[in-house]
Amino acid sequence: MIRAFDQLSLPLLRWLDAEDAHRLAIQGLKLLPAIKPRPDDAKLAVRAFGLNFPNPVGMAAGFDKNAEVPDALLRLGFGFVEIGSVTPRPQSGNPRPRLFRLERDEAVVNRMGFNNDGAEIVLRRLAGRANQGGIVGVNVGANKDSADRVADYVRLIETFAPVASYFTVNISSPNTPGLRNLQQAAQLNELLSKVLEARDRVRRKAGDTPVLLKIAPDLSLAELDDVVHVARSRGVDGMIVSNTTLARPNSLREQLRAKEQGGLSGRPLFRLSTRMVAETFVRVEGAFPLIGVGGIDSGGAALTKIRAGASLIQLYSSLVYKGLGLVESIKADLTSTLLRTGRDSLSEIVGADAATITAEDWPV
């Protein structure tokens, strides 16, 4: 079914404007039959953040911003789905065009600006799937015109706690002016303090929902030191490394499109994001797990990210070029690697190459 979907959809979607193609893909997923996914090999199971993931391959935030198709994505083989980013109030985001393919680089530049339907509508959709099972995280962000961004995050934690498998506090999008300033130590300390207090207030009715922090790949190592220190001292449950980058690697071939303002994702982000996973892993010292995201487009790339320090991984931009069949391909490659090396689980290789990667020259 997935192969047929890719064969029919990929050629058509590539002819469309990138954002129109995304909208059509969402509508197409709504039409897929509700078929149970093939069970995952037990070797792929991951225990992280107090949750049991059937496999380590997740759909990153940004694809299903409004919780329209989380169950369709789970049926296609994802081990978990992250919806959002969601803001308290609906917002339209930045003017179009705001999403650009860099075809020859297998990359994407976006400046979407947290366009979403708002907390009320997204909550209604998630509440409607409450009995479906599966891990569905909620990525939360602040409204662009908010007078108190910390209060926005607190409100979203309180709102979505009954329906979220986990939360991702997104302070690393480059497309909301000033948002990345929340990664600075003093501001981050205040934010996490209030977010975790909010989580604890609703614990009795919603359980102990894990809270993860998503960071930018453009942090300096000194800034990363501060972020990890605050995250550990405040007791977050994990981190996602990383969001899109404002940098433009020297290797880019689509130079004209690369000049578009916004965050770069896809294959050119792989080396930088993987380096940041490794740098974060050595600083975390096992205090909590990491989710690695950025440029994963094959089983080999997924394995590299895991060996850099990621317990779980997420995809998005690579699906634009490889199709949804990439999910099963990555899982098959990871299973084959475990069988070939005589290992029982991926946890045995998480961070195996972190020290080596952090000793390499910085990616440019």
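Here the Cβ of each residue, glycine as well, is placed from N, Cα and C on the backbone.
What Swiss-Prot records for Ala61, Gly62, Phe63, Asp64, Lys65, Ser85, Asn139, Asn170, Lys214, Ser242, Gly266, Gly295, Tyr316, Ser317 is FMN binding site, and it gives sequence analysis as the kind of evidence. If you look up Swiss-Prot, you'll see Lys65, Asn110, Arg111, Met112, Gly113, Phe114, Asn170, Asn175, Asn243, Thr244 marked as substrate binding site. The active site, nucleophile feature in Swiss-Prot is assigned to Ser173; the stated evidence is sequence analysis.
Projection of Swiss-Prot feature records onto the structure.
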{"residue": "Phe63", "record": "FMN binding site", "Cβ neighbours (10 Å)": "23"}
{"residue": "Lys65", "record": "FMN binding site", "Cβ neighbours (10 Å)": "21"}
{"residue": "Arg111", "record": "substrate binding site", "Cβ neighbours (10 Å)": "21"}
{"residue": "Gly113", "record": "substrate binding site", "Cβ neighbours (10 Å)": "20"}
{"residue": "Asn139", "record": "FMN binding site", "Cβ neighbours (10 Å)": "26"}
{"residue": "Asn170", "record": "substrate binding site", "Cβ neighbours (10 Å)": "28"}
{"residue": "Ser173", "record": "active site, nucleophile", "Cβ neighbours (10 Å)": "25"}
{"residue": "Asn243", "record": "substrate binding site", "Cβ neighbours (10 Å)": "28"}
{"residue": "Gly266", "record": "FMN binding site", "Cβ neighbours (10 Å)": "23"}
{"residue": "Tyr316", "record": "FMN binding site", "Cβ neighbours (10 Å)": "20"}
Neighbour tally for Lys214 (FMN binding site), based on other Cβ positions within 10 Å of its Cβ: 26
C-alpha spacing of Arg111 (substrate binding site) relative to Gly266 (FMN binding site), in angstrom: 15
Chain-mates of Lys65, Asn110, Arg111, Met112, Gly113, Phe114, Asn170, Asn175, Asn243, Thr244 with C-beta within 8 Å of site centroid, substrate: Gly62, Ser85, Gly93, Ser173, Pro174, Thr176, Gly262, Gly263
Rounded Cα separation (Å) that holds between Phe63 (FMN binding site) and Gly113 (substrate binding site): 13
Residues Ala61, Gly62, Phe63, Asp64, Lys65, Ser85, Asn139, Asn170, Lys214, Ser242, Gly266, Gly295, Tyr316, Ser317 [recorded FMN binders]: greatest CA to CA distance in Å: 20
Cβ neighbour count (within 10 Å, all chains shown) around Ala61 (FMN binding site): 27
Whole-number Å value for how far Arg111 (substrate binding site) lies from Lys214 (FMN binding site) (Cα to Cα): 17
Whole-number Å value for how far Asn243 (substrate binding site) lies from Ala61 (FMN binding site) (Cα to Cα): 10
Cα distance (Å, whole number) from the residue listed as 'active site, nucleophile' to Asn243 (substrate binding site): 7
DSSP state at Asn170 (substrate binding site), helix/strand/coil: strand
